Amino acid sequence: MNRQVAFWIIALLALVALPFVHRDPYHLHVLVLILIWSFAYTSWSIMGRFGLVSLGHGGFMGIGAYVTALLWNHLGVSPWIGIPLSMATAGVLALVVAYPCFRFRITGHYFVLVTLALSGIVLQVITATRDYTGGSLGYTPQRAQSGKGLFALQFDDKTTWYLIALAVWVAGLVIWRAIDRSMIRHAMEAISEDEDAAAAAGVNVTAEKLKITLISALMTALSGALYCQYQMFISPDTVSGIAVSLQMVFAAIVGGVYVALGPTVGAVITIVLAEVLRISFGTKAVGWDNLVYGILLVLFIIFLPKGILGSVIDRIKSPRKPSRGHEQQTVPIARR
Amino acid sequence: MQSFLDIFDIYLLEAVINGILLGGVLALLALGLNLIFGVIDVTWICYAELVMIGMYGMYYLVQVFHLPYWAAAPLVILLVALLGAALHFFVIAPLLTAPPINQLLATGGVLFILQSFATVAFGIDFRNLGIRLPVLALGEMNFSYARLLSFAAALVGMVGVYLFLTRTFTGTAIRAIAQDRQIMPLMGVDPKRIYLVTSAIGGGLAGLAACLLVLQYDVHPFVGLSFGPITFLICVLGGLGNFIGGFIAAFVFAEIISLGGLFSDLEWGYVLAFAFFIVMMFIRPAGLLARRS
């Protein structure tokens, strides 16, 4: 166990030291993107691993990005206050939609489609209020005057962004681990197996589901806000809507939903793939990355539902004896 | 003031009628999805993308190969029907015993595939048939013939499917298997074949919808996103697998979009429709026509 802890500490130190050793701005840019999206995918998996498949996370991410940017541009509110406010907005929305969902036992297909409506609404509202949000043309937070970069959470330096993204990503993993070791996890696993049985055993089904949804939504909004502050440009299609939601689902499943680093592996694969295609084929590559994603997603769901990392870890841990949770071959909403 | 009110009412009436016309095509799409859900218990998230492929099929047949519209339409319906059967055979069939959510996500992958395939193969330009149907002026109201034709054809298509389901052996078997999928194999019905036939019919309905929508809208790889989500919401609102519920919900949604678009931008029509959907989910979680248990 101690060796394991030492390994993680060394790995983390290596990650922190990386930008000071390797200063290539392009590589750092890709790494920051990977870290931010990994955090978003991890947020999704915190819910998704328990069978709460949401297609509304594109909406939460959009709210995180747009509320932060709008507060800054129109009211001059610093992102230091704006980001918590945007997270609160996403959290309230999540509760407003999720509470009745869980109260009335909307699960499975129905839950997926209700959340799909949610990301649809956010996308359409952003597009419709184009006088404020720039509509589908996208939106740029105003540049802060020089010297006020910290106040505006805007940094030109990639190293700073790398460290911020790294910290947030690690925080995401810590949250994952905390949930993994808490009672919520056991309660949620029971719920995903059989809601009635869980309720009969004394689990407050609605409350547990709400907790996990709230955590997931808050984290997703934070990832959206970070993405906005880093890229300094957001458009409805890159941070909200159904395509982004599906992208989260896809990356998480390819990496592995049931292990902490699975979504990160998914983010590495998808972003590196997209960048490689973009560099080697240029504008001709438009569409090819999604084509490969789609084919991979279908193949993974059919042949490797635990994802790359999940399957690899299973193989390493116990070639013969299946580990706990092995019987959960698949995302377990669906038992009826 | 009086004249202002007159104009206003005319516009209102026009919007209401246009909503009904839009509802016809939406009902057609909802019927296809409901059929597949009711029989195979799968939601095709990529349904609207099948329609998109069909619209491209129409574009190429009419604009590039210079077939007349009426000759191209059956070919496209056949093409999308085959596509639906292939989708079932290659993606759904291996997942039939997996949790439904995996099937749903797999078709999400197919959505990516079809969208990016269209991007790669056809480019992201907007294309149209170049057929401009005249506009019917009724008093001071204007209706495009394209919409009237779509509405009529959608109704014919739905009646056709209804007759097929009620008057033929295969149709009866489809309805039976939707009711009890364990017993039907014992009655000598091969579920695999029925599933394939159902998928082909679902695809065929998407093909028909494609032939109709291409008259009104330009084709581009992401056109599916503009009516796909609405179709799912209609099906859920009507109760997944409930044909009549889906039919009614299609017109409710179409009216909301059409009237919302009259008073404000089209996007707000959609926002209203989505919000209405979420509220209705809480009032009637199992669909409009569901009986309270």
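Glycine is no exception: its Cβ is also placed from the backbone N, Cα and C atoms.
Unlike curated entries, TrEMBL annotations are predicted automatically.
Note that the structure is a prediction, hence the values are computed from the model and not measured.
Pulled from TrEMBL, these are the features on record:
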type	residues	note
TRANSMEM	B:15-37	transmembrane segment
TRANSMEM	B:44-62	transmembrane segment
TRANSMEM	B:68-92	transmembrane segment
TRANSMEM	B:104-124	transmembrane segment
TRANSMEM	B:144-165	transmembrane segment
TRANSMEM	B:194-215	transmembrane segment
TRANSMEM	B:270-290	transmembrane segment
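The recorded stretches the transmembrane segment (B:104-124) and the transmembrane segment (B:44-62) share 3+ CB pairs below 8 A when only pairs 6 or more apart in sequence are counted, and are therefore in contact.
The highest tally of CB pairs under 8 A with the transmembrane segment (B:144-165), across B:15-37, B:44-62, B:68-92, is held by B:15-37. Counting only same-chain residues 6+ beyond the ends of the transmembrane segment (B:68-92), those with a CB under 8 A from a CB of the stretch are 40, 42, 44, 46, 50-51, 53-54, 57-58, 61-62, 103, 106-107, 109-110, 129, 131, 195-196, 199-204, 206-208, 210-211.
Residues 43-44, 47-48, 51, 141, 143, 147-148, 150-152, 154-155, 157-158, 161, 174, 198-199, 201-206, 208-209, 212-213, 227, 230-232, 234-235, 238, 240-243, 246-247, 249-251, 253-255, 257-259, 261-262 of the same chain sit 6 or more residues outside the transmembrane segment (B:15-37) yet have a Cβ under 8 Å from a Cβ within it.
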